[in-house]
C-alpha cells in the first residue's frame, strides 16, 4: 500500500513537470516564430501579416509531416507497441513504443505551435503516460503496468486542465469502463499530486478559466440546461461524423503525409484571414467568450470557421487532441443559445455564461460518452461547483442521446 502511494505521488509530480516542460517548449517556438511569449496563438495570428498568417500553419504541418514520414520510412521495424495510451491500457499490456511516441509528440509540438486548430494536451498526456510506461516496465510487475500508465495519463490530464478529479474519472469512465475503486485510488493520488506540482511550477493556484461567480440555477434554468443537453446529444454525433468524413476526404487524395498535413495547415491559414481566432486549440477564445462575449453573428462566424479549421487539422492527420477544440465548439454553441435566451430578461442576466458552460460540458459528454467526467471537469476548470447538479443532468441526457445515435465515442472511433 505504501509502495503504491509513493509511486502514485512520484508519477503525478513527474507528469506535471513533463506538461510544464512541453508548455515551455511551445513558448520557445512561439518566440522563434512570432517574437512573443504570451502563449496566445490568436494574438500572435492577429499581430502578423496576412501572408504569414496563411502560410505558418502550412509550414508547421509540412515540418511535422516530414518528421513523421521520415520516421516511418527509415524505421525498419514495426512498432513494438502502440503510441496511443488508451490502446495500451484498454487492449494492450501497458507498453508504449518509446521512439514512435516521442516522434509523434515532437510532431504535435510543431503543429500546435504553428497555429493548427488541434489540441496540445494530447501530446502532454501521451508523454506523461509514456514516462509511466517506461517506469513501470523497469520497476513494476507486468500486471501493474496498465495501472501505472493510467496514473500517468490521469496526472497529465489533471496538470493540463487543472482538474484532478475529472482526470481520474476520465480514466475510470472511458478506459476502465466503470468506477473501479481498487484502481481509482492510485489514479486519484497521481492526479492530485500532478495538480499540486503544477501550482508550484506556475507560482499560484488558479482555475483554468476565470469566470464570474454564478448562483445556483433557477428551476427554469435547469430546464434550459437540460434542453441544451438534448441539443448536444444530437450535435455530438454530427461533430464526430464530420471528423470521420474529413479524415476520409484527406485520405482519398492519396497525398504523402507532409503534403497532407501542409494542406490541412493552409486551410487553417486561409480561414485565419477571416478570423484569427481559428488558430490554436481554442483556449483563449473560450476564455474570451466566457468573459466578454461578442454578438450572435460574430460568435456564429467564429464557430463556423473554427469548426472548419478543426476538421481540416484533425482530418489531415495533425497529431494532437480534440478535447479542447470540443470545449470551444460546445462553449460557442451554448453562448449562441444563451445570447438568444437573454432576449427574455426573466431568464437572468447570467444566462449566456450559464449556457456556455453547459455547452462545454454537454458536447464533451456527447463525444466522449463520459457524463460524470464532463460535468466535473467544467466545474473544476471554472470553480463553479454550484452548477454540478444541472451539469450532471444535462450531460447524462446528452450522453444517452449520443450513444443512441452513435454508439462509438470519439476515442473508440480513433
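Our numbering is plain: 1 for the first residue shown, then up by one each step along the chain.
Note that Cβ sites are derived from N, Cα and C of the backbone, with glycine treated the same way.
From the options 199-219, 220-240, the stretch Swiss-Prot describes as transmembrane segment is 220-240.
Note on the transmembrane segment (54-74): residues 33, 48, 99-100, 103-104, 106-108, 110-111, 113-116, 256-266, 268-270, 272-273, 279, 316-319 of its chain, located 6 or more positions outside it, place their CB under 8 angstroms from a CB of the stretch. Outside the transmembrane segment (147-167), and at least 6 residues removed from its termini, the chain residues within Cβ reach (under 8 Å) are 7-8, 11-12, 15-16, 18-20, 85-86, 88-89, 94, 96, 121, 124-133, 135-136, 140, 175-176, 183, 186-195, 197-198, 206-208, 373-374, 376-377, 380-381. By the Cβ criterion (under 8 Å, sequence separation of 6 or more), the transmembrane segment (381-401) is in contact with the transmembrane segment (220-240), since 3+ such pairs are found. Long-range contacts of the transmembrane segment (5-25) within the same chain, counting only residues at least 6 positions beyond its ends with a Cβ under 8 Å from a Cβ of the stretch, are 39, 105, 109, 113, 120, 123-124, 127-128, 131-132, 135, 139-140, 148, 151-152, 155-156, 158-160, 185-187, 189-198, 201-202. Under 8 Å from some Cβ of the transmembrane segment (327-347) lie the Cβ atoms of residues 220-221, 224, 228, 231-232, 235, 239, 281-283, 285-286, 289-290, 293, 295-296, 299-300, 302-303, 306-307, 310, 353-364, all in the same chain and six or more residues away from its ends.
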